[in-house]
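Notes follow the structure.
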Amino acid sequence: MDHYDSQQTNDYMQPEEDWDRDLLLDPAWEKQQRKTFTAWCNSHLRKAGTQIENIEEDFRDGLKLMLLLEVISGERLAKPERGKMRVHKISNVNKALDFIASKGVKLVSIGAEEIVDGNVKMTLGMIWTIILRFAIQDISVEETSAKEGLLLWCQRKTAPYKNVNIQNFHISWKDGLGFCALIHRHRPELIDYGKLRKDDPLTNLNTAFDVAEKYLDIPKMLDAEDIVGTARPDEKAIMTYVSSFYHAFSGAQKAETAANRICKVLAVNQENEQLMEDYEKLASDLLEWIRRTIPWLENRAPENTMHAMQQKLEDFRDYRRLHKPPKVQEKCQLEINFNTLQTKLRLSNRPAFMPSEGRMVSDINNAWGCLEQAEKGYEEWLLNEIRRLERLDHLAEKFRQKASIHEAWTDGKEAMLRQKDYETATLSEIKALLKKHEAFESDLAAHQDRVEQIAAIAQELNELDYYDSPSVNARCQKICDQWDNLGALTQKRREALERTEKLLETIDQLYLEYAKRAAPFNNWMEGAMEDLQDTFIVHTIEEIQGLTTAHEQFKATLPDADKERLAILGIHNEVSKIVQTYHVNMAGTNPYTTITPQEINGKWDHVRQLVPRRDQALTEEHARQQHNERLRKQFGAQANVIGPWIQTKMEEIGRISIEMHGTLEDQLNHLRQYEKSIVNYKPKIDQLEGDHQLIQEALIFDNKHTNYTMEHIRVGWEQLLTTIARTINEVENQILTRDAKGISQEQMNEFRASFNHFDRDHSGTLGPEEFKACLISLGYDIGNDPQGEAEFARIMSIVDPNRLGVVTFQAFIDFMSRETADTDTADQVMASFKILAGDKNYITVDELRRELPPDQAEYCIARMAPYTGPDAVPGALDYMSFSTALYGESDL
C-alpha cells in the first residue's frame, strides 16, 4: 500500500492549507522560524558535510536544497545545473520542487522564482512543507492525522507531570516544562524534574535545550528568550522541534503500542456493554410513556363550551409540539443505537445483542402504532366537536358583524337625504349631486343583499335555538324598518335634484358661450400687450422695417377687436337679466372662466395706451439703425482695400525669398527697403482700428459690406511684419554662415538655385524626397540600398533634428557648409587636452589653470566630472567626457 495516498496526503497537508502566510510578517515568529528551520536543515545537511547560515540566501541556487532532499529522502535527485545564471538557479529549484510534488505534496503558491529571489516568506513556507512531508507526516497515534498525532503523543507522554497541560504547539510550551517532561519521561536520569519551577521558564527551556543537544543529538532550534518574550510562539517552529524529540524517542513507542492495542480492545468491549445498557433503559422508558399516554388519547368525554374544547385542543397541541417530538427522537435514536450496536458486535466478532423480552424493536414499533392510531382518532373527535360549536358561534358573530357594518353604513344617511344643499348649488354642483345620488342609489341597491343576509342568519339562529335569539330578532326588525324609510327619502331627493338641474342648464349655456368667446379675446389682448411691450433687439435696417410693418398690420385689426369686445359684454348682460327675472340664487361666478367684464375693459384700455408708445420706440430704433449702416459701409470700404493689400504683400515676400538675385548684401538692402515701405502703411491700419472702435461701441456684430474682420486684418498685418522680419533674419544668417564657413557667393547662389529647383510648391522648405533629390543633384551618392538609406537617415537627423518632416534653406546651408568646410571635432579637442595633460588620460586643476586663460580654466573646472579610471589621482578630472559633451555627444 502506498504510504502517501491521497487521503493521507490531505490529512498531513491540512495545516499547510490553513496556514495564514501573512503571519510571517510578525518579526518574532519569523525569527523563531528562521532559527528553528535553519537548525533542522543543518541537522540533516551535516550528514553530507555541509550546512547553511542564511536560510533565504543559501537555498537560492537550489544546490543545497537538492542535497537536503537527497539526505532526508535517501533518494537521488536529477543532476543539478552548475551554472551561476538565474536560469540555472531556477532550474535547480524547480527540480527540488518537482521532487517534493512527486511525494504527493501540494505546493501552495510556492514558485521557483520567489525562492531564487530570496523571498523569506516563500522560503520558510517551502521548508515547512518539507518538514511536514518528511518529519511529521508519518507520525500517527490511533489513526489521527500528523499534527493531531504528534499533539496526542505529547499529551500522553506528559500526562503524569504536574503543571504540564499540552493543548497546542505554541503557548503550552512557553514555560519549558513540556520539553523537560518529554526528556524526563524517556531519559529520567538526564533531568531532575522535581527541582524545576513553573515560574522560571528561562531555566526550564535552557535546561531542556542544552540536555537535548548534548545527550540526545537534537540541535538547539529555539532561543529561550524568544519563546518567553513572545505572546504566542510560532507553531511551526515548536512542531519542528518537538518532531525531533518524537523521532529521537520513537524506539520507546513499541511498548506503548502494545498497551494501546489492549486498551483499544477493552474500550470496544466497554463501549458495547454501555450501548446495551442504554438500549434497555431507553426502551423501558419509551414503552412506559406509551402505556400512560394511550388512555388519555382514548378519552372522548364531550364539553359544553367552546372554551373547554379549545383547552383540550391546546393540550393536544402541546402534546404534539412538546411531548411527542422528544419521544420520536428517542425511538429513532433507539433504532440507531440498536443497529450500531449490532454492527459493532459483528465487526468485532462478538455475538449479536438480544434485548430482554418485550423490548425488541418490533415490540416498540407495535406499541408506537397503537399510540398513533389513538392519536388520530382523538384529533378527529376534537375537530368535529370544535366545528359543531364553531358553527353556532360563527353564525352569531356573522350576524353581529353584518348588522354592525349595515348600521355603520346607514349612520347619517337619513340626515344626508333630508338636506337641501341643492338650493344654493351651481349647475356643476347639481350635476355632481345627481351623480353622487346615483352612486348612493347603486350603493343602496348593493346593500339590499346584506339586509336579506341579516334576516336569513337571524332565521337560522332561531331554527337552531340560539340562546340569545330575542336580542337578534329585535335588532333585525329595527334594521328592516330603517331600510324602508331610506328608500322613500331617496326617491324624494332625486325629484328635487332633477327640477333644479333643468333651471340652471339655461344659465350654464350662456356662461359657456361667454367663456368660449372671452378666453380667446383675453388671450389676444394679453398677447398684444406682450408684443407692444416686448423689448426688440435688431441689427439691420431690414429688421426694424419688418417690425414697423407688423405693427401697422396690428393697428388695422383694432376695430374688429372692439366689436368682439362689445358682443362678449352683451352675453354677460343677458345672464344678469335671467337671474333677476327668475330669482335664481346664484352661489358663485361663471364656472367656466375667471375673466370678468371689468378685466376685459381694463385690458382693452391698456392696449389702446400701448400703441402710440410702440410707434415712438420703432421710430427711434429706425434712426439708430440708419446710423449703424453708415458705420458698416465706412469700415467695409477701408477693409476691402487693406485686406487685399496685405495678401498681395505676403505673396510678394514669398516670391522675393525664392527669387532673390545678386549678393546677399544686395538682397538684405532690398528687403529692408521693402520692410520700410510696409511699415509706412501703418497709419491706414490705425485709421481702420478707429472705425472698428466706433462699430464696437455701437454694438454692431456683423457687416455684409466686407468679408474682412478687424481680427483678420490684425492677424494678416502681424503675419506680414513677422514674415518680412524672418526673411531678413534668414539672409543675415546666410551672411554669417557664408563668412564663418568661407562659402563663396557663387556657391551660395548654386545652393539657392538647387534648393529653389526642388522647392516645387514654393513653400520655402523641402520634403524628405525633395531633399534627397537635391543632394543627389549636388553629387551625393545616396542610393536606395540599406547603406544609402542609413546615410540619408543620418543626414536628415542633422538637418531636421526636431523631426518636423521638412528642411529649411538655413538648415540646408548649415549642412552644406559643414560638408564643404573644415570643422573642429570632439577628437581634436580631446587630443589637445591630452597634450596639455602630458599624455595622461586625465588632467588636474593646476594644469588647467597653468595652460588656459583664467575664465576658460574655471569654466572647464566647474563642468568637468571627476576622473574614475584605475590610474586616477586625487583631484583628477575627466577631459574626455567633457570634450564629447561640448559637441552634444554626451551630457555636459
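Numbers run from 1 along the shown chain.
Each residue, glycine too, has its Cβ placed from N, Cα and C.
What Swiss-Prot annotates here:
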MOD_RES   Met1  N-acetylmethionine
REGION    1-247  region 'Actin-binding'
MOD_RES   Ser6  phosphoserine
MOD_RES   Tyr12  phosphotyrosine
MOD_RES   Lys95  N6-acetyllysine
DOMAIN    144-250  domain 'Calponin-homology (CH) 2'
MOD_RES   Lys195  N6-acetyllysine
REGION    274-733  region 'Interaction with DDN'
REPEAT    394-499  repeat 'Spectrin 2'
MOD_RES   Ser471  phosphoserine
REPEAT    509-620  repeat 'Spectrin 3'
REPEAT    630-733  repeat 'Spectrin 4'
MOD_RES   Lys676  N6-acetyllysine
MOD_RES   Ser677  phosphoserine
DOMAIN    787-822  domain 'EF-hand 2'
MOD_RES   Ser890  phosphoserine
Cα distance (Å, whole number) from Ser677 (phosphoserine) to Lys95 (N6-acetyllysine): 89
Residue distribution over DSSP helix, strand and coil in the domain 'EF-hand 2' (787-822): 25 helix, 2 strand, 9 coil
Residue with minimal Cβ packing [other Cβ atoms within 10 Å] among the modified residues Lys95, Lys676: Lys676
Residues of the repeat 'Spectrin 4' (630-733) by DSSP state, where helix covers H, G and I: 85 helix, 0 strand, 19 coil
Segment confidence, the repeat 'Spectrin 3' (509-620), expressed as mean pLDDT: 83
Euclidean distance between Cα atoms of Ser677 (phosphoserine) and Lys195 (N6-acetyllysine), Å: 119
Number of helical, extended and coil residues in the repeat 'Spectrin 3' (509-620), per DSSP: 90 helix, 0 strand, 22 coil
The repeat 'Spectrin 2' (394-499) - residue tally per DSSP class, helix then strand then coil: 95 helix, 0 strand, 11 coil
The domain 'Calponin-homology (CH) 2' (144-250), counted residue by residue under DSSP: helix, strand, coil: 64 helix, 0 strand, 43 coil
Rounded distance in angstrom between the Cα atoms of Ser677 (phosphoserine) and Ser471 (phosphoserine): 128
Rounded Cα-Cα span from Ser471 (phosphoserine) to Lys676 (N6-acetyllysine), Å: 128
For Ser471 (phosphoserine), the number of other Cβ atoms found within 10 Å of its own Cβ: 10
